[in-house]
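S.K.: Feature list, courtesy of Swiss-Prot:
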- 1-13: signal peptide (SIGNAL)
- 14-347: topological domain 'Extracellular' (TOPO_DOM)
- Cys28-Cys116: disulfide bond (DISULFID)
- 29-120: domain 'Ig-like C2-type 1' (DOMAIN)
- Cys50-Cys108: disulfide bond (DISULFID)
- Asn66: N-linked glycosylation site (CARBOHYD)
- Asn72: N-linked glycosylation site (CARBOHYD)
- Asn112: N-linked glycosylation site (CARBOHYD)
- 134-221: domain 'Ig-like C2-type 2' (DOMAIN)
- Cys152-Cys207: disulfide bond (DISULFID)
- Asn219: N-linked glycosylation site (CARBOHYD)
- 237-342: domain 'Ig-like C2-type 3' (DOMAIN)
- Cys258-Cys326: disulfide bond (DISULFID)
- Asn277: N-linked glycosylation site (CARBOHYD)
- 348-368: transmembrane segment (TRANSMEM)
- 369-393: topological domain 'Cytoplasmic' (TOPO_DOM)
Amino acid sequence: MFRLYVLVMGVSAFTLQPAAHTGAARSCPVRGRHYKREFRLEGEPVALRCPQVPYQLWASVSPHINLTWHKNDSARMVPGEEETRMWAQDGALWLLPALQEDSGTYICTTRNASYCDKVSIELRVFENTDASLPFISYPQILTLSTFGVLVCPDLREFTRDKTDGKIQWYKDFLPLDKDNEKFLSVRGTTHLLVHDVALEDAGYYRCVLTFAHEGQQYNITRNIELRIKKKKEETIPVIISPLKTISASLGSRLTIPCKVFLGTGTPLTTMLWWTANDTHVESAYPGGRVTEGPRQEYSENNENYIEVPLIFDPVTRKDLNMVFKCFVRNTMGFQTLRTTVKEPPPTFSWGIVLAPLALAFLVLGGIWMHRRCKHRTGKADGLTVLRPHHQDF
């Protein structure tokens, strides 16, 4: 997109000059190879889109740039003047029909008076045989026991501005009938619906689009290798924390984890989030004092858990009047748990005050008991001394 901007803006200050007389023509860097390789069948139409110019931008960009094609670093532009199978149109290079000898690297060059770059595209044309199938097939994956959709790929250049395109689908080279309850081709789209995907649905599929050009009909074939993956099990999520009331001192930093038990279920499709007074945390605390922490997924004893903490930095009196709720949802169920933040009870305790009094009471009581016992012992000793005198009398 940046290159397109430079190309368009460059014409506002410069008049487009012939390519041979510009500095850009003398130095035109190659930006690299397009990530996608084009694997096509011999005898069918091929359209190579210039990577620098998407179709939706062609109308606005085309008046300001010069677009050319070359093959295999050759100085000769394609298509040649006498070439009847190949032409350039709306930012794409068309080959109709394509031959194996057309295989190679095609370089799209875009330039104006002040800018120029090149991007290459790799094209390989295969003979239409079973041996070519692994090379030209698009891998697509559906999940077992679900409703799936296969897509006939890379047809945009041939279906653009056309509503009458008809696609015939095949499985293992056998046509899929219209009355087939398992497969349904959606008219006007490139989609094949697959009901209740089964393991035996795996294999090679072929979609064929009929394309008309100058009164002649051509087939455009795309092959798909369907792979089936097992459906990951899901269980009903259960929130096991937090507690209904959390104690925290004003001014302290607090983290309240919302921990969810999933058992053997997958955490990938389970959503977990917090609210404050039935509002998203980001909306309730736009300043970011209270936020959701990063999501954690882990296993304990071969059982899966997910956790999202609610972080207070710090706790203020406003938080004491809020109701916080943790929500969890997946395809099996939905659950919520509420919690509130409260100040801890005062640290003053009557036990601290009464403990010294109790100790003093015990000490005084001990002294009183000691004196009483000593007084009684003294009386007993006096009686013992008087007995002999009574006997003498």
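Just so you know, glycine gets a Cβ as well, placed from its N, Cα and C.
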S.K.: How many other Cβ atoms are found within 10 Å of the Cβ atom of Cys28 (disulfide bond), counting all protein chains shown?
M.R.: 18
S.K.: State the Cα to Cα distance, in Å, between Asn72 (N-linked glycosylation site) and Cys108 (disulfide bond), rounded to an integer.
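M.R.: On Cα coordinates alone, these residues lie 11 Å apart.
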S.K.: Decide whether the stretches the domain 'Ig-like C2-type 2' (134-221) and the domain 'Ig-like C2-type 3' (237-342) have at least 3 CB pairs under 8 angstroms, with pairs required to be 6 or more apart in sequence.
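M.R.: Taking Cβ pairs at least 6 residues apart, the domain 'Ig-like C2-type 3' (237-342) and the domain 'Ig-like C2-type 2' (134-221) are not in contact, as fewer than 3 fall under 8 Å.
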S.K.: Could you tell me the C-alpha distance between Cys28 (disulfide bond) and Cys207 (disulfide bond) in angstrom, no decimals?
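M.R.: Their Cα atoms are separated by 40 Å.
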S.K.: Give me the long-range Cβ neighbours of Asn219 (N-linked glycosylation site): same chain, 6+ apart, Cβ under 8 Å, in sequence order.
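M.R.: Residues satisfying the criterion: Glu44, Val208, Leu209, Thr210, Phe211.
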S.K.: Between 0 and 100, where does the mean pLDDT of the topological domain 'Extracellular' (14-347) sit?
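M.R.: Summarising the topological domain 'Extracellular' (14-347) by its mean pLDDT gives 88.
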S.K.: Here are the glycosylation sites: Asn66, Asn277. Which has the lowest count of other Cβ atoms within 10 Å?
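M.R.: Ranked by other Cβ atoms within 10 Å, the glycosylation sites Asn66, Asn277 bottom out at Asn277.
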S.K.: Check the Cα-Cα distances from Cys207 (disulfide bond) to the recorded positions Cys50, Cys108, Asn112, Asn277 and tell me which is shortest.
M.R.: Cys50
